[in-house]
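> The structure under discussion is supplied below as structure tokens; questions concerning it will follow.
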Amino acid sequence: MKKKKIAIIILLFFILLTSTRILWLHLFTQPDQPYAEKGQIDVRDFDFQQNALTLDGEWTFYSSHWLMDSNQPPFPPTYIQVPDGWDQIFQEGKLTPYGYGSYHLKIQVNPEETKTFSIRVPSIRSAAEIYVNDRLVAKAGELGENRAQTMAKNVPFTASFDTKGQSEIDIVVQVANFQDPRNGGIVRSIKFGYEDVIYRETQLSITMQLLVAVVLLLHALYSIILYLVGNKERPLLFFSLLTVSIMFYYLLGSDDKLLSFWFPINYDWGFILVHLSMIGIGYSLLQCIDPWLPRHFHRYQQGFALVCACAAVLAIVLPTRYVVSIQSVYIVILGVPIVITMMMMLGKALKDIRQHVFLLLAILAFINSILWDILLLISGIKVISYPFDLIMTIACLATLWFKDYAKVHADTKDLAQKLQETDKLKDEFLASTSHELRNPLHSIINMSKAVLERESHALSHKSVHDLETVLSVGQRMSHLLNDLLDVMSLKDNTQKLHLTPVSIHTIVAGVFDMLRFMIEGKPVQFVQQIPADFQKVLADENRVIQIIFNLVHNAMKFTNEGTITISGYTEASMAKIVVADTGIGIDEETMQRLFEPYEQGTVSKTIVEGGFGLGLSICKRLVELQRGTLDVQSVVGQGTTFTFTLPLSDEAEAQKVTLAQQAHQKQESPEVQQDGMNDVGDAWNQPRILVVDDEPINLRVVATLLANEQYDVVTVTSGLQALEYIRSQEWDLVISDVMMPKMNGYELVRIIRKQFFMTDLPVLLLTARSQPHDIENGFSAGANDYVVKPVDALELRSRVEALTKVKRSIQERHRMEAAWLQAQIEPHFLFNTLNAILTLSELDSERTAKLVEALSDFLRESYNFQNVEALVPLENELRLIQAYLYIQQERFGERIRVVWDLDTATNVWIPSLTIQPLVENALKHGILKRVEGGTVHIRIINCGTHIEISVSDDGVGMDEEQLAKLLQPNKRPSRSIGLSNTHRRLQQHYGQGLHITSKLHEGTAVSFVVLPKKTTNQLDAFSHSEY
């Protein structure tokens, strides 16, 4: 645009501004009118048809006197100018705004007037009552003769009244001010005229103020909308604050004080809001022009922000009279940013006038508004508020911003086209090299790993570290090559999707478990907000796992502390999954190209983490292939939110998929035998397998594959249900899916390992992914083995057979160990018993016979081959203990005291040789360590659902260190081998072992819980799968 054309535009704009202002003055300037003199005004010659007049001039004033209470004041009146304050009236030689008094004015009117008159009062400080012809027509606040009696309320109001043929109107205005430290009294002109004229002028003034307020509010709203839509730039928020602050200042400080009319704002809060608006205008204005400010000016901004904050606190905390006394501070806070802004805008406009014509026009409109306001104030011309200069200023600024936005959009479009052209060249090069690099890279990884495993003991620490680094770099490069191949297959549309109903809750829980090890030691938390009953989506399960895995892994790289949250909701026929973090965030420029291949986040973070930036591109393509979308929102320094959608799986669609899978399974596998077991006895001897999966079709597949094998298979649909079965029954193997709602496979394995060793209860995991980190997570949780879905029949049967045989062999080993331990009777125990028999034979033949019988019972139970069985009747165990205690009591006499506390319990079977080792330990390592001996208390308590068995003594006891080592297989003292074996066998049967408490010099108590033996009916209650 040429300079001449620009000059013409500016000139025409200036002419437009000036002509509209002059036209406004012509329409709404007050005509010549009479003025009050010595408390009287004659308006008989004034034309009230078109205009109202102001009751300006000399009013009669009675200080510290209510004229309506007494028509005879005790002192002569004075005359005071209206509008003006009464500061010089109350105390001679001293200015004070506080006091009360009565204004009096007589208006001479034509007695022929038949129309209704009105008066419009814009401002009286700070409480008032208006009487017309001795009748109260309006009031604001409550009058009083001191601060306690007065309630301030300075708001505009209108009062109407009839003259009824009277020739004189008597107006009395009683005023009190004890709150406002500025001038008190009638400080603005009171209008008088016909009711319809006053109403018309008032409504016009209100309409103009509303117009300005609406324009300001609209600009605030579109700024917030632009910010929320995705353009996360702080100046937008500050511009919104600026327009809102101007609107509040305008609505509170104008003649009609509309905000006080709409809302119940008291006097003090009116002052507070005005001063806060001034602070908001100054601070936000300076923030809006922050990009234009010189660098050295930025150091002063923090100081200015601190001043604004202190001023805001003072405005709220200090009483009104003190805030008014420092009002100059607020004027400076408002004025300095305005001056700086005008200078910066003018400099920018003049520097490149062709590109900033609208900026120059905005400055011109603003200056024009200020100059006219000053001119009207000096000349004393009163006119209705003129809003158009301010509206034109805002409109010109908005046009400038939209023009800049359009330019940025066009530039972005050009850059995007260039990026697309270069993108093809990168893809071709990387795709051709990825295949060539893959095989030699795997050779490097495998050879390095083999050398490290074989020669680690012979290599130096530095060499081992170097080899580990080679492995780490090689594995990272392998992941990159996989990403490259995925990108190419997605672009060539060679990816095959297997769409099934998929549980998002289950997948999120599994992904969090896979990645949890990476946040150990970091102040980062995973938060899942997707409910277990969240509706399933129709998608490829492996690809959904890949999408969520990549998004969470990406969030972890850029989140040093805070949370990574996954939430979801449904909208129409789609599920929306939100992955949000509180990390470093992404700037707008990066967000625009984030889903392009080979694009990454911040450079410094990329150098540390590595990568080609393909993960998010792959995620977006995978989501789109499944009829969804992937979006991102971010604020630098606050975090990033990724949102992707997937179609919901309705029941009809899910049923079709399920039927298709069932038909496919029927073709590949034989039907499950419905009888499951021939009889209870066979079932008791068969390996018992518990299968856990939330999908019935998957349970059917596993049950079908194991149907012809000699297994007792029970299926459940949740981890919590599986734990109940594990606690109540014995199992040889647990087969669990990894991805399940509420409790996934990893969590289930961790809970099982708290009670069972890997050999006591093996766990086989079914996983949809076979990536190394997925398998590692399963083994870290405590799984024995894994099978990748879809399950291969031969592989599943082979692994199940191996794991069940291991469990059975370990179980057999523990039983034989217990029997062997019992058979190893210490020689000195036998010799001492025989000596006791020989001694008693000479003294008491009856006691000798009982002792021989006890020894016979003890030897018979010790060598009983039933001890190799898993469970024996409780009666057998008690007979062994009674024989043992009888022998020991005959040997040690009163040093051994036994207390029996036995409830009636029938059909109770316990693991063999569980109570006798506890009694033997109580004697040998407890009471017999004391010279005086002690008492052994044997309790068997029938609790209904279970039997509680305990053996306690008052012997020497143990300290905490001995107690902690007692049941640890590798750290126990040699004398406690029987306790460790008993503890392990009880864990196998009941899920919990021995509970030991002890205090040094006070004694020891050992207890455990057993369940009644399962009867045939009880066994049938644990129903098998219908599959």
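Glycine too: its Cβ is placed from the backbone N, Cα and C atoms.
TrEMBL entries are annotated by machine, without manual review.
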> For the transmembrane segment entry in TrEMBL, name the matching range from 272-292, 503-523.
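Transmembrane segment, as annotated by TrEMBL, spans 272-292.
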> Per DSSP, how many helix, strand and coil residues does the domain 'Response regulatory' (688-804) have?
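Split into helix, strand and coil, the domain 'Response regulatory' (688-804) gives 51 helix, 24 strand, 42 coil.
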> Let me spell it out: take the transmembrane segment (304-322), skip the flanking residues so only those 6+ beyond its ends count, and list any with a Cβ under 8 Å from a Cβ in it.
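For the transmembrane segment (304-322), the list is 179-181, 267-268, 271-272, 275-276, 279, 282-283, 286, 329-330, 333.
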> Under 8 Å Cβ-Cβ from D737 (4-aspartylphosphate), six or more apart in the same chain: what's there?
V692, D693, D694, E695, N698, G745, L765, L766, T767
> Using a Cβ cut-off under 8 Å, which residues of the same chain at least 6 positions beyond either end of the transmembrane segment (358-378) come close to it?
9-10, 13-14, 17-18, 21, 342, 345-346, 348-350, 386, 389-390, 392-394, 396-397, 399-400, 403
